[in-house]
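S.K.: So Swiss-Prot has the following annotated:
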- 1-21: region 'Disordered' (REGION)
- 85-246: domain 'CP-type G' (DOMAIN)
- N134, K135, I136, D137, G188, Q189, S190, G191, M192, G193, K194, S195, T196: GTP binding site (BINDING)
- C270, C275, H277, C283: Zn(2+) binding site (BINDING)
Amino acid sequence: MKRAPTKQPAKPAARGGERAQGRVIAAHGRHYIVAPADGGPMLQCFPRRKKSEVAVGDRVAYERTSADQGVIVEIGERRNLLYRSDQFKSKLFAANLDQLLIVLATEPYFSEDLLGRALIAAEANELKPIVVLNKIDVEAALPVARERLAPYRALGYDVLELSVKSAPDDARTQLAPRLAGHSTILLGQSGMGKSTLVNLLVPNAEAATREISAALNSGRHTTTFTRLYPLQDGGALIDSPGFQEFGLYHLTEGRLERAFPEFRPLLAHCRFYNCHHLHEPGCAILEALADGRIAPTRHALYAQLVHEASQIVR
């Protein structure tokens, strides 16, 4: 008679003072929720230093201080870090990403400036950008939205048209294969249908959010903190609060010029190796702008971003 396999005892959770590994799955201010790597219950953690540099998606080492709390003592090596910045401060979005999914809608009217900046941030961090145009069932507003997005399609950006509320199955069919196995951050202005999209892709999202809110000891509204949801087909979806500004003051001029895909083939053809692509003679970018190969709105965005970057003392 074959003996039943011996059941292995569960690995004990880290005790006070012991270092353990985990992944940051939610953040609000200096409060973080860490999912232990050993599969134990999540716990609320705080950074050891006064200035926090922890982001959702970080692999961290922590020391438990009580049954459900700990201190983050080390951040693991990152593949990338997505954040926005102005002259005075920066706001971390998430770390260790593969893709950036930008949610737009036929209505309310979306900001093309924010779209352009999000795409630049994706390019600068070597993330695959995916643009979603939601609410295509609002037929009166659809032609204008398509016209505004046509230049981005021409640049090769993936633009998906869907209606999360009226055609959820189609939306899921389009998105699920693109998200499976990847770490994807969801960005968008308020009112674009981002929360509805999360609930479609993550069936237990509302319950998970309530659990995280309880762990943060808060009754905060569900969109006020960044959180990570594991996906059924592998990978993760990171939902970030809606925002109205996307400063990229931290990007150097060199990173900016390479973040415009239409600029890249031309960079080696400028007369001067340190060309700023603003008013220099023999600039291949300005020549392409003059003959219509580069859209005026895109070059204007580049000029604005260069100006913003120049305000930072490096």
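Count begins at 1; order follows the chain as displayed.
Each Cβ is built from the backbone N, Cα and C atoms, and glycine gets one as well.
Give me the structural setting of these features: burial, nearby parts and distances.
M.R.: The secondary structure of G188 (GTP binding site), as reduced to three states from DSSP, is coil rather than helix or strand.
According to its DSSP assignment, H277 (Zn(2+) binding site) is coil.
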S.K.: Only counting partners 6 or more residues apart, tell me which same-chain residues put their Cβ under 8 Å from the Cβ of K194 (GTP binding site).
M.R.: V103, L186, G188, D239, G242
S.K.: Same-chain residues six or more away whose CB lies under 8 A from the CB of T196 (GTP binding site)?
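M.R.: The list for T196 (GTP binding site) reads V164, K165, given in order along the sequence.
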S.K.: Counting only residues 6+ away in sequence within the same chain, which have a CB under 8 Å from the CB of C275 (Zn(2+) binding site)?
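M.R.: Set apart from C275 (Zn(2+) binding site) by at least 6 residues yet with Cβ under 8 Å, we have G282, C283, I285.
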S.K.: N134, S190: which of these binding-site residues has the highest Cβ count within 10 Å of its own Cβ?
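M.R.: The largest 10 Å Cβ neighbour count belongs to N134.
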S.K.: Cα-Cα separation of N134 (GTP binding site) and H277 (Zn(2+) binding site), in Å?
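M.R.: About 35 Å separate the Cα atoms of these two residues.
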